[in-house]
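Novice: This is the structure I want to talk about, given as structure tokens.
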Amino acid sequence: MQQPDLTHALSRLREAAPLVHNITNQVVANVTANALLAIGASPAMVQAEEEVGSFVRLAAALVVNIGTLTAPQLAAMHIATRAAGEAGVPWILDPVAAGATPYRLQAARSLVQLQPAVVRGNASEILALAGEAVSSKGVDSTHGSGAALAAARHIAKEHGAVVAVTGAVDYVTDGQATWAIANGHKMLTRVTGTGCTATALIGAFLGAGFTAMQAALAGLTVLGVVGELAAAKASAPGSFQVAILDGLYELDDATLASHARVTPA
Ligand SMILES: Nc1ncnc2c1ncn2[C@@H]1O[C@H](COP(=O)(O)OP(=O)(O)O)[C@@H](O)[C@H]1O
Ligand SMILES: Cc1ncsc1CCOP(=O)(O)O
Ligand SMILES: [Mg+2]
């Protein structure tokens with residue numbers, strides 16, 4: 001398996017400065033828009049059924065996140081993902097708390113049928129999406145990421161998507177090749193929206209023309225490295241959240257390459 005080359009990933013992303021269309025949850029809309037701006041992309045949060053089909057055709061990538069799902073928002077997600085498919089706009093699914101209620105699970109299942117380039121979730125979410133009867137603690141995982149690796153491979157093969165499971169170690173698989181990313185910091189679990197930020201960053205790399213596998217590896221490695229650097233500067237969640245945003249802006253290709261811990265799994 002050839003080692004993924006992230007050497008110029010950040011400069012490529014910043015050169016492309018992709019417009020990223022987000023249909024996301026109300027908790028993280030601001031956080032993820034700021035993360036996308038900090039890394040060098042251009043975010044737009046657009047979710048009216050009446051306009052998502054037109055808007056997504058202007059975008060370089062689409063992020064779909066079911067964190068605070070409502071029926072109109074789900075309808076908009078179906079319109080946007082179908083239009084994205086027609087227009088060749090790559091999109092990523094974040095199945096937040098997929099196993100928590102039948103409504104969410106059904107919604108996530110309906111969306112994964114519509115050919116996302118990437119699915120990114122925590123272990124409980126990926127297990128639920130794969131059909132395992134698992135519990136979660138709302139939006140938080142009660143499983144380690146390794147426990148969802150087989151489920152991730154299963155979803156990847158069934159839907160032709162790249163699947164990323166995050167946790168202490170992140171895994172990215174296309175159903176055949178699997179990579180482990182051993183970056184990150186526990187403090188990332190003490191601030192809301194870091195999983196959603198991971199998803200949005202992968203969306204930015206998709207919008208910059210990276211393959212699904214490269215985009216998932218780049219997005220997760222960026223957040224993991226930034227999390228480590230932020231934790232060295234900030235010891236509590238409030239300042240850590242600010243340090244993440246600053247770190248996304250300050251990170252360069254050389255620092256990413258020297259801190260990345262990506263190995264075959
Ligand atoms: N125990 C941990 N140690 C280091 N990094 C972690 C840990 N748990 C999660 N992360 C990182 O936090 C980010 C969000 O992942 P995760 O918490 O799994 O998503 P979610 O917020 O959707 O549950 C990812 O970058 C992941 O690598
Ligand atoms: C707290 C919360 N409730 C519904 S969505 C959301 C944010 C979840 O963010 P993340 O999955 O990144 O932890
Ligand atoms: Mg999440």
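Positions of Cβ are set from backbone N, Cα and C atoms, glycine also.
Caution: TrEMBL annotation is automatic and unverified by curators.
Look at TrEMBL and you will find MET45, GLY193 tagged as substrate binding site. Sequence annotations record features per position, and here TrEMBL assigns ATP binding site to ARG120, THR166.
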Novice: Quick one: Cα separation, MET45 (substrate binding site) versus ARG120 (ATP binding site), in Å?
Specialist: 19
Novice: Using Cβ atoms only, which residues of the same chain lie under 8 Å from THR166 (ATP binding site) while being at least 6 residues apart in sequence?
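Specialist: Within the chain, THR166 (ATP binding site) has Cβ neighbours under 8 Å at ARG120, GLY121, ASN122, ALA123, SER145, GLY195, ALA198, LEU220.
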Novice: Near ligand 2, which of the binding-site residues show up if the criterion is a Cβ under 6 Å from one of its atoms? Options: MET45, ARG120, THR166.
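Specialist: Close enough to ligand 2 is none of the binding-site residues.
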Novice: Long-range neighbours only, meaning 6 or more apart in sequence with Cβ under 8 Å: which ones does GLY193 (substrate binding site) have?
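Specialist: When sequence neighbours closer than 6 are ignored, GLY193 (substrate binding site) has VAL27, VAL28, VAL31, THR32 within Cβ distance under 8 Å.
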Novice: Cβ under 6 Å from ligand 1: which of the binding-site residues MET45, ARG120, THR166 qualify?
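Specialist: The qualifying binding-site residues are THR166.
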Novice: Could you say whether, by DSSP, GLY193 (substrate binding site) belongs to a helix, a strand or a coil region?
Specialist: coil
Novice: Tell me the coarse DSSP state (helix, strand, coil) of THR166 (ATP binding site).
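Specialist: The residue in question, THR166 (ATP binding site), is strand (DSSP, three-state).
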